[in-house]
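Q: Grabbed the feature section from Swiss-Prot, which reads as follows:
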type	residues	note
BINDING	ARG100, LYS104, HIS106, GLU126, ASP127, LEU128, ILE129, SER130, THR131, GLY132, GLY133, SER134	5-phospho-alpha-D-ribose 1-diphosphate binding site
BINDING	SER130	orotate binding site
Amino acid sequence: MGGNQILKQIIAKHLLDIQAVFLRPNEPFTWASGILSPIYCDNRLTLSFPEVRNDVASGISKLVKEHFPEAEMIAGTATAGIPHAALAADHLNLPMCYVRSKPKAHGKGNQIEGAVQEGQKTVVIEDLISTGGSVLEACAALQAAGCEVLGVVSIFTYGLPKAEEAFAKAELPYYSLTDYDTLTEVALENGNIHSDDLKKLQTWKRNPESKDWFKK
């Protein structure tokens, strides 16, 4: 088993153990978009557990060094990506900035906070990737400011087809500490879910906008 797969399993177990991720295949959550989802993820909880927080920061730093060794700046997405970007930037001894979802309505009207420079090679840190829309908007804001965005690193990704398409269209790579497939496998091994639940979870991922998975 490769090092990255071991890391994926460690982070997945952390997220389950601290209940940053809930799996409810029989009592789905409703997302703001109206999608019925068997999973709810709140990676902000990782900040409250020092061991988990350190493993996340170390893991993000490892992925940045491995995939983006030329990085000159770490950018966090507001608000959930900011603390993880700060911790990773500290590990890597790199400058850090953060990107709001839209410019401030007062003051200087900044969307990007921090000292960014033209051509600065930047990696964007996000806590969670679902469709990829919000983090790609942050990438676009950085590009508009003159940064060279190398790619994105996140704690967790659902691995949804819509996200894969969005990143391919933006011509940006992304890497995650762990993912939906790894997490559901770890959940099954740990007894968090049963084999019938796993089938439902796999069906949802293939087409999250359909409610057919819930009827199975």
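Using the three backbone atoms N, Cα and C, a Cβ is placed for every residue, glycine included.
Please go over these features one by one and say how buried each is and what sits next to it.
A: Within 10 Å of the C-beta of THR131 (5-phospho-alpha-D-ribose 1-diphosphate binding site) there are 16 other C-beta atoms, taking all protein chains into account.
For SER130 (orotate binding site), the number of other Cβ atoms no farther than 10 Å from its own Cβ, over all displayed protein chains, is 20.
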Q: Among ARG100, LYS104, HIS106, GLU126, ASP127, LEU128, ILE129, SER130, THR131, GLY132, GLY133, SER134, the annotated 5-phospho-alpha-D-ribose 1-diphosphate contacts, find the widest CA pair distance and round it to a whole Å.
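A: Greatest Cα-Cα span of the listed binding residues: 30 Å.
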Q: Highest CB neighbour count within 10 A among the binding-site residues ARG100, HIS106?
A: ARG100
Q: Does GLY133 (5-phospho-alpha-D-ribose 1-diphosphate binding site) have same-chain partners at least 6 apart in sequence with Cβ under 8 Å from its own Cβ, and which are they?
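A: Non-local contacts for GLY133 (5-phospho-alpha-D-ribose 1-diphosphate binding site): ALA166.
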